[in-house]
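Peer 1: Here it is: the structure, laid out below.
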């Protein structure tokens, strides 16, 4: 710290909340001390009263900032990010306004906020300004056994056995999906019509409907595979339910709802097959029951969403869609307006054409959707000049409509992607920390005679020597890997010896 005033004054008088005195804004002679802060070679100069506005922060508390004092140069030295300090100093000058410089990444600026100890309120304000979405708190069960089981099934990265369970779960999901797809192949189906009885599989086809009706055989390999998969899904679901910290919140989780949807169709199908009577085929009820079963069995395909529990990519996609619901709603609304307008326009443009492919406005909805989304399926095309002009305008309007909300959705995706990878990057790159070494008393006397520091600074250093040696010794033991080459603190003893 460099004192620019002629007479040193007690810095304690300029700090609000100090046990000896209080800060008086009317006393200008007590607030004219100026300090120099060196940020990796870039010097900033400000007044003590500016820093004293936030006494709980690193720069506002004399005890906290004294460890970074360089008595030889009479300044404070911080080996930190230089562009970020412009915003940090402005935070003090403006009385609490925090704005991130455009050339500073989000994660770096967040680390600077934590380093200078601006507080949780400043961090929350910064996150709100940057559009951060507050992460939901995930409580753990209080019971130790339930906590271990919950971590085992809910957090695959928590341990080796948890990873093994996650791998097994993924394999079972994939087997279930593959089985669901393979059982529809003609090679695995009996296409004899009106065969029923003894649990034999049968299928019915018609000219208007392409499909199959299947009666489950308990010896069928696909049924056995399906049963084994359901056993695992049910076991996994029940274990999660009994180990979860909140039973009520368990059923509000979208992932648990997907688990229920993946399990229920099997038991409904099994119950229907067991309750089916042979005379139902003659009563005309079998067709309806099989149609319902076909819809229920279709729900099995949603098991693929169970993979999102073990895939960060799918989780990021889901979070992006959830955060972009407003933009997606606007997109659908714009498309709806465009479909109505261009369907009506192309219908009236083609009304006089004898071979018109647009017999009504609702029939033109499909063409408008395909054109606005730039798919261009080609099953319905306008033939008149007016219809082609409407089609051209429809395609151009579709491109503009879809392009408007895309940047917002991409921005949300980038945010969630960087937030997911931030933890991994922090684990790989350790932040350089400072070694809090307190100089000895003789060195302090020499440094005080060799350089100009304020009375309050000297008192803080002397107090640290007398009262904090043990605390800093313990901290040094914890940070034994910290060397002089990577420290923010200046070794005063070595500097005076060199001089």
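Each position is counted from 1, following the chain as shown.
Every residue, even glycine, has its Cβ placed from backbone N, Cα and C.
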Peer 1: Could you check which of 161-182, 183-204, 425-446 is flagged in Swiss-Prot as transmembrane segment?
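Peer 2: Comparing 161-182, 183-204, 425-446 with Swiss-Prot, transmembrane segment matches 161-182.
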Peer 1: Among 360, 449, 454, which is the one flagged in Swiss-Prot as phosphoserine?
Peer 2: 449
Peer 1: For the candidates 207, 481, I need the one that Swiss-Prot annotates as N-linked glycosylation site.
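Peer 2: Record says 207.
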Peer 1: In terms of membrane topology from Swiss-Prot, residue 94 and residue 244: same side, yes or no?
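Peer 2: Swiss-Prot topology: residue 94, residue 244 on one side of the membrane.
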Peer 1: Take the motif 'Selectivity filter' (374-379) and find every residue of the same chain, 6 or more past its ends, with a Cβ under 8 Å from one of its Cβ atoms.
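Peer 2: Distal contacts: 395, 398-399, 402.
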Peer 1: Sort out the residues at least 6 away from either end of the topological domain 'Cytoplasmic' (244-254), same chain, that have Cβ-Cβ distances under 8 Å to it, and list them.
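Peer 2: Sequence-distant neighbours of the topological domain 'Cytoplasmic' (244-254): 139-142, 146, 150, 318.
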Peer 1: Should anything in the same chain at least six residues away from the topological domain 'Cytoplasmic' (311-325) have a Cβ under 8 Å from its Cβ atoms, list it; otherwise answer none.
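Peer 2: Sequence-remote neighbours of the topological domain 'Cytoplasmic' (311-325) are 133, 254, 305, 405, 408-409, 412-413, 416-417, 420.
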Peer 1: Residue 244 (S-palmitoyl cysteine) has how many other Cβ neighbours within 10 Å of its own Cβ?
Peer 2: 22
Peer 1: Tell me whether residue 244 (S-palmitoyl cysteine) sits in a helix, a strand or coil according to DSSP.
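Peer 2: Its secondary structure by DSSP: coil.
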Peer 1: For the topological domain 'Cytoplasmic' (418-499), report the average pLDDT of the model, please.
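Peer 2: The answer is 46, the mean pLDDT of the model over that range.
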